[in-house]
Amino acid sequence: MRFEDILTPRVDKVQLVDRLGVEPNIVGTLHVTTSHIIFRSEDGTKERWVANGLIGSVERGPLSISGCPLIIRCKHFLVINLLIPRDKICQDLYETLLKCSKTVNVNELLAFESRDLPEDARGWSRLDWSVEFTRQGIDSAWVESDLNKGYGCCDTYPERLWVPVAANKSILLGSCRFRSRGRLPVLTYFYRPNGATICRCAQPLTGFSARCVEDEKLMEMIGRANTNCDTLYLVDTRPMMNAMVNKVQGKGYEDERNYLNTRFHFFDIENIHVMRNSQMKLLEACTKCRTLTDYYKTLESSGWLKHIRVIIECGVFLADSLAKGISCVVHCSDGWDRTSQTVSIAQLLLDPFYRTIHGFQVLIEKDWLGFGHKFDDRCAHIGALNDEAAKEVSPVFTQFLDCVHQIAEQRPKAFQFNDRFLIEIHEHAYSCQFGTFIGNCEKDRKDLNVIKRTKSLWTYMDQRQDDYLNPFYEPTTFGVLSELETRASEMHVWHSLYNRFDEGLLPRENITDMVMVSMEHVGVLESHIAALRNRIAELKIQLGKGNAAGCSNSMADSGHSSGTGQSEERLANNEQRPSSRESGIGDQSSDEALARFPLRWQPLRGATHCSAKSCRAEFPSVIDRRIHCHRCGKIFCRRCVKMTADGRERVCDGCRDET
C-alpha cells in the first residue's frame with residue numbers, strides 16, 4: 001500500500017467497543033500506516049497492531065448519537081468494533097481500510113518492504129527434495145526426472161519430480177497431457193517399512209469415454225514399484241456425484257476397466273465453495289450467537305466439524321492402506337486443495353518426523369508450497385476485486401491445521417509442537433509479513449525472488465522455538481498413529497483459534513503454558529536449592545578454618561600437631577562440589593542475591609500486561625506467550641526478557657540492570 005492511498009492516517013477520540021458487551025468502551029487513537037493499523041488507548045494500557053494483510057473485510061454502519069460504527073474483520077479471527085466520532089472521517093477511514101485489505105500488486109505486500117535483509121540460507125532451505133526422499137528411504141524403483149525442468153510441463157509442480165524408474169519420457173508426457181493442469185501422478189511419500197507409496201496428481205481429462213494408454217501404463221508402473229502388493233488404490237477425495245458432473249466438462253475420473261489391479265475409493269470432501277460458506281457459518285456461531293441453543297443450531301448447520309471429520313477419515317484410510325503395504329494415488333479436481341490436505345494428514349499419522357517442529361515445516365514446504373497450493377488465491381493475498389476472484393478464496397489450509405489440532409488432542413504425547421505453533425503458522429499464512437506463503441506455486445516464488453527480497457517465516461519461528469514446545473511430548477513412544485477416533489462426537493470447535501481474542505470464552509490459563517511454567521519454575525527452584533547448599537558448605541568450611549586456626553595456635557604452644565588433615569579433606573570435598581555460579585542460578589552467588597530470590601512466581605491468571613513499567617505491552621489473548629523472569633518472578637513480554645550469556649536463566653531488563 002502506498003502512503004498517498006491513506007486518506008486519514010490518524011483519528012483521535014475513537015472508541016474501541018467490546019464485542020461481548022462486558023467491558024466499557026476504550027477511548028484512544030487509531031493510526032493507519034502502509035503496513036499496519038494501530039489502536040492505542042489514551043492511557044496507554046491497550047495497544048493493538050494488525051498487519052494490513054490480515055484485514056479481511058470492513059463494514060460501516062449508519063451514524064448514531066454515540067458515533068459511526070466501523071467493524072474490521074480480520075483473517076486471523078480478530079474482530080475490531082470501533083465508533084468513529086464523525087461520519088466524514090468514518091467514510092474516509094472506511095475507504096482507506098478497503099484499500100489496505102485489497103492489495104492489487106503483489107510487490108506492494110508487506111513482505112517486500114523489508115530492507116537490508118541478512119542472508120537467510122537456513123530458512124529458505126528447509127526442504128531439500130533429495131535429502132527428504134533419502135530420509136524416507138526411497139528405493140531403486142523410483143528416480144528423479146528432469147521432465148519439469150524450467151517448469152516446462154507443469155508450472156504448478158516443483159521442478160524436481162520423482163517417478164517410477166521404468167517410466168520413460170513419452171509415458172510421462174502422455175500422462176501429463178491427460179491430467180488436468182498437466183499434474184501427472186508423481187511420488188510424494190515412500191513408506192520405508194514395506195515400500196508402499198503415496199503419489200498425487202490431478203483428475204484425468206476423460207470426459208465420457210476418453211482414455212490414455214500412457215497414463216494407464218504409468219499407473220501400472222506405480223503399482224509394480226511396490227513389490228509387496230499387487231493392488232493399487234486410486235483415491236478420489238471428491239464426492240462421486242461431483243466427479244461425475246465434471247465429466248460434462250471433459251474431466252471426471254478414471255474408468256476402472258482401463259486400469260489393471262486398481263481399486264477405486266471416493267471420499268465426500270466438498271469443494272472450496274462449500275468450505276468457504278461453512279466457515280462463514282462457523283464464525284457466525286462463534287461470534288454472533290447469544291444463546292447456547294442458537295450456537296449449537298448454527299454450528300450444526302455450518303457442517304464444519306463434519307467436513308473436518310471426513311478429511312481426517314480420508315487421511316486415516318491412506319495411512320492404514322500404506323501400513324498394510326498398499327500404495328495409493330490421490331487426487332481431487334486439480335490436486336492442490338483436498339489432495340494436499342489428505343496426503344499431509346496421512347504422512348503425519350505414519351511418520352513421527354512430521355510431528356516434530358522441523359518436520360512439520362518440511363511437510364508444509366513439500367506438500368503445500370512445493371506441490372502448488374494456491375495460497376495467494378485461497379488466502380486473498382491479492383485483493384479479490386471481482387466476483388470470480390472472490391470465489392477462489394477458501395479456508396483449505398485452515399482446515400488442515402484444524403485437522404492437525406484434532407489429532408493432537410487425541411494423541412497429545414505424539415507431537416513436539418503445541419497449539420501456539422499451529423496458530424502462528426495460520427496467522428502468517430495470511431499476514432504477508434514473510435515471503436514463505438506468498439505466491440500460488442514454487443514458480444511464482446522464484447519469479448518474485450522471495451528468497452532475496454523477503455524473510456522466511458521458519459527463521460522467525462526458529463528464534464522462538466521454546467514458545468512452541470509441547471511439555472507432554474514423548475518422542476520415542478509413538479510411531480504410526482493408528483486407531484484414531486473419527487466419530488462426530490470426537491470433533492470439537494477449536495476455540496483457541498476461532499475465539500482466540502475472546503478472553504471471556506476461553507480458560508483463564510493455557511494448560512500447556514501452565515505445565516511449561518511449572519516445569520520451568522521447579523527447575524529454577526532446584527537450582528536455587530543447589531546454590532543454597534553450596535553456600536552452606538562454603539560457610540561451614542570458613543567456620544572450620546577459623547576454628548582450626550585457633551586450635552592450631554593453642555596446640556602449637558603445647559607442642560601438639562595442628563590437625564589440618566581434616567580441614568584439607570573438607571577443602572578437597574568442597575572443590576568437588578559445583579560452585580554457586582555453576583548451579584544454574586547464574587552470577588547470584590552473594591547472600592543478598594540468594595535472599596532476594598522469588599520463591600513464588602506471578603500467576604498466569606490475570607496477567608494481561610507486561611510487568612516492565614517502560615513497556616506495559618498488552619497480551620491480546622490467552623494463547624500469547626507470557627515469560628517469567630527467573631530473578632524477580634514477574635511476567636514480561638518477549639521484548640523485555642532475555643537469556644543470560646551462559647543460557648541458564650531468563651532475566652528481565654530491570655534485574656539485568658541491577659546486576
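Just so it is clear, glycine is given a Cβ too, placed from its N, Cα and C backbone atoms.
According to TrEMBL:
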type: DOMAIN; residues: 123-498; note: domain 'Myotubularin phosphatase'
type: BINDING; residues: ASN271, ILE272, CYS332, SER333, ASP334, GLY335, TRP336, ASP337, ARG338; note: substrate binding site
type: ACT_SITE; residues: CYS332; note: active site, phosphocysteine intermediate
type: REGION; residues: 552-590; note: region 'Disordered'
type: COMPBIAS; residues: 552-566; note: compositional bias 'Polar residues'
type: DOMAIN; residues: 615-659; note: domain 'FYVE-type'
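Overlay of TrEMBL annotations on the structure.
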residue	record	contacts (Cβ under 8 Å, 6+ apart)
ASN271	substrate binding site	ARG238, ASN242, SER333
CYS332	substrate binding site	ALA202, GLN203, ASP236, THR237, ARG238, ILE269, ARG338, THR339
ASP334	substrate binding site	SER180, ARG181, ARG183, ALA202, GLN203
TRP336	substrate binding site	THR156, ARG183, ALA202, PHE371, GLY372, HIS373, LYS374
Output field, substrate shell: CB within 8 Å of site CB centroid, site ASN271, ILE272, CYS332, SER333, ASP334, GLY335, TRP336, ASP337, ARG338 dropped: THR237, ARG238, THR339, VAL396
Diameter of the substrate binding set by C-alpha atoms, the set being ASN271, ILE272, CYS332, SER333, ASP334, GLY335, TRP336, ASP337, ARG338, in angstrom: 12
Within the domain 'FYVE-type' (615-659), residues counted as helix, strand or coil by DSSP: 9 helix, 11 strand, 25 coil
Segment confidence, the domain 'FYVE-type' (615-659), expressed as mean pLDDT: 86
Cβ neighbours of ARG338 (substrate binding site) where a neighbour is any other Cβ within 10 Å: 27
ASP334 (substrate binding site) - helix vs strand vs coil (DSSP): coil
